[in-house]
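Here TrEMBL flags 15-160 as domain 'Fido'. What TrEMBL lists as active site is HIS98. Sequence annotations record features per position, and here TrEMBL assigns ATP binding site to ASP102, GLY103, ASN104, GLY105, ARG106, VAL107, GLY108, ARG109.
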Amino acid sequence: MLRSVENSFATTPEITPEHLGQLQSELLGAHPTVPVGIRKIQNWIGGSGRTPIGAEFVPPPPEEVPTLMADFCRYFNGAALGALTQAAIIHAQFETIHPFADGNGRVGRALIHGTLLRRGLTHQTILPISLILGTWSKRYVEGLTAFRQGDVPRWLDTFF
């Protein structure tokens, strides 16, 4: 994963939705179970696999995703916030858009690594992001929910 993150973030002057789709493909491996790239179908988190009724979160509809991802990449490439704040907002925004049919969590965690690497806070270091988020999963989900409802300070408190 570190090599994929380095290739996608550290050496690329500007991140595009296509770069993120390539990273998704690399992180999913040789035989993904769903098409890679920007999703063409509605997805959701939790609830039934057949309907979003009872889902914990329903991301934006697929027709909005290309515009949202273009905006996301503009922010990623031009953010002037501190590196940790940028990583937190980038991660939450990506998870809120949930642009892929599969692999959003992996790419979202890679975005944290990529942001910190690109901003010079880490160098060939893998932080245990998955372990940390898994350990604090309830608080993490509550923080993302707060972010999605406009409570950015609560999300930042959760992330830090």
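Our numbering is plain: 1 for the first residue shown, then up by one each step along the chain.
Positions of Cβ are set from backbone N, Cα and C atoms, glycine also.
Feature map: TrEMBL annotations on the structure.
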| residue | record | Cβ contacts under 8 Å, 6 or more apart |
| --- | --- | --- |
| HIS98 | active site | ARG39, ASN43, ILE45, PHE57, PRO59, PRO60, ASN104 |
| ASP102 | ATP binding site | LEU28, PRO32, THR33, VAL34 |
| GLY103 | ATP binding site | GLN24, LEU27, LEU28, PRO32, VAL36 |
| GLY105 | ATP binding site | GLU95 |
| VAL107 | ATP binding site | LEU20, LEU23, GLN24, LEU27, PHE94, PHE100 |
| GLY108 | ATP binding site | HIS91, PHE94, GLU95 |
Cβ within 8 angstroms of the Cβ centroid of ASP102, GLY103, ASN104, GLY105, ARG106, VAL107, GLY108, ARG109: which residues besides those meet this for the ATP site? GLN24, LEU27, PHE100, ALA110
Determine the Cβ neighbour count for ARG106 (ATP binding site): the number of other Cβ atoms within 10 Å of its Cβ. 18
Of the residues in the domain 'Fido' (15-160), how many are helix, strand and coil by DSSP? 86 helix, 4 strand, 56 coil
Within 10 Å of the Cβ of ARG109 (ATP binding site), how many other Cβ atoms are there? 21
Enter the number of other CB atoms within 10 angstroms of the CB of ASN104 (ATP binding site). 19
